[in-house]
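One structure below.
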Amino acid sequence: MTTTERPLVLPGDPISPDLIPSSTSKPLRLGPGLRHVPPSDIVPVVAGQLITNHQKNSMWVEYNSNRYIPAPGDLIIAQILRSGPDLYFTSISPYTPPATLPHLSFESATKKTRPQLAPGALVYARVVLANKHMDPEIECVSQSTGKSDGLGELKGGMVFDVSLQFARRLLMAKSKEEGKVEVLELLGGEGLAFEIAVGRNGKVWVGGEDVKAIVVVGRTLRETDEGGLGVEAQRKLVRRLAKGMK
């Protein structure tokens, strides 16, 4: 496991330097719940568990919240609201300013070949810019490789809402071991064929050719989240719902 420390932190409390990853080959990445106070202080802005990932030289605070606050590097699912001359305006969470998505922030996009996205279309994107003084900016291409790396328009499928904490658990590199979420592997083991994209903003897109399978996957995720199901309860739920498809 790469996440090694989980002490409880409170807003404004100083974080001990011993808990901060110190890789010299990668810049330190701060995730949700943390703020950099120049010159060198890192301060929690919420109460929760401090999570550090020494492999990725990153840290964040795991906490319960009903409101998504964008942070650079977050993978999110956004909905196109409208198009401007050079960018799209997108919705990433209710009651927040729209996030901007430049027309050229797609793999191999030019003014002539860029995707033509209508209002209501969904995209899987990464947050590039997020601060309290500007609207968030997102992208559907990796700046380092120029490739989509799985980002872009999400066609067909269905979107399901989950809690922000559950979305973060699904996005963990080892969601089974660290997040204690097995349902996706269990559903695949039952023969269900589906695609999935998880957004830190509490949105999960499920795609596939079988609508029944999509509904079962979404229902399983929702019931696991809302019921706070443990691993054994997840297995029973998957067996019950998968049996209903046969």
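Using the three backbone atoms N, Cα and C, a Cβ is placed for every residue, glycine included.
The structure displayed is predicted, hence computed values, not measured ones.
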Practice item. Looking at the candidate ranges 1-26, 131-156, report the one that TrEMBL labels region 'Disordered'. Key: 1-26
Review point. Which numbers of helix, strand and coil residues does DSSP report for the domain 'K Homology' (157-211)?
Key: 16 helix, 14 strand, 25 coil
Review point. Helix, strand, coil residue numbers for the domain 'Exosome complex exonuclease Rrp40 N-terminal' (28-67) per DSSP?
Key: 0 helix, 21 strand, 19 coil
